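So that we are looking at the same thing, I have put the structure below in structure tokens.
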Ligand SMILES: N[C@@H](CCC[C@H](N)C(=O)O)C(=O)O
């Protein structure tokens, strides 16, 4: 079975070309591929499939030829992955499967059709608008941090750190506890601290994330969007740009004057190969 390995700011994925939707992608197989010792290793698996050939995306086929079929490393399915979407587009371009038009390149996701724009090393995506909708908390051991629920196509809980608590001190080896009634399908949890100003951008923050279905990752694009939305809201800015530093680099979130939400950053393919499914346990 052919695969490609890629990442966006260290959020890494195994891409499986299955252009006509013939592969049976079970949760166990996804988890085995993502195993960092016995498999290829990754935060998730992305099946590259024609929208028309996938039951969850056939309705989008008129708008977007390709469907990003995203799976977390534990085999669960997610609605959206911001870094995955940008890496997916890099894959389509590198393999001659798509050419961006004047209005960009649309891609179908479980959160709808999203338009992407390519500019050299940077791939930007016009994201599902971030919706801040409730207060909540996340708990790590004895530490409970207030936060806000944000929907970016998938669920997030954005928790700002205060009272001298440092991002570097958090233990994210286990999932932070959250309100299961507010997040019945689970949640991605971001912890945030403010950072020194950077040239050309309105705000600058640092975050760490514990992803639903994957654990702590080096980066999360939808999480960065959620964090950027809360930072802009807290600063009283109706539009603006936020540098969001993650463990794996920097993403830029922009809420423009048209009301669109953009996520921008690098998207890199690092290897092509062949995996023997029978050898994965
Ligand atoms: N890393 C992704 C998000 C992947 C899905 C997430 N774990 C979920 O279950 O919602 C990103 O870059 O957005």
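Here the Cβ of each residue, glycine as well, is placed from N, Cα and C on the backbone.
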Have a look through 72, 95 and flag the one TrEMBL assigns to the substrate site that 11, 82, 83, 154, 188, 211, 212, 221, 222 belong to.
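Record check against TrEMBL: substrate site with 11, 82, 83, 154, 188, 211, 212, 221, 222, extra candidate from 72, 95 is 72.
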Distance between residue 154 (substrate binding site) and residue 81 (active site, proton donor) at the Cα atoms, whole Å?
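Given the Cα positions, residue 154 (substrate binding site) is 8 Å from residue 81 (active site, proton donor).
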Name them in sequence order: residues not among 11, 72, 82, 83, 154, 188, 211, 212, 221, 222 whose Cβ is within 8 Å of the mean position of the Cβ atoms defining the substrate site.
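Here the non-site neighbours turn out to be 78, 80, 81, 84, 209, 214, 217, 220, 223.
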According to DSSP, does residue 82 (substrate binding site) sit in a helix, a strand, or coil?
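In the DSSP reduction, residue 82 (substrate binding site) maps to helix.
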Give the sequence-ordered list of residues that share a chain with residue 82 (substrate binding site), lie 6 or more positions from it, and have CB atoms under 8 Å from its CB.
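Looking at Cβ-Cβ distances below 8 Å from residue 82 (substrate binding site), excluding near sequence neighbours, one finds 8, 125, 127, 152, 220, 221, 222, 223, 224, 225, 263.
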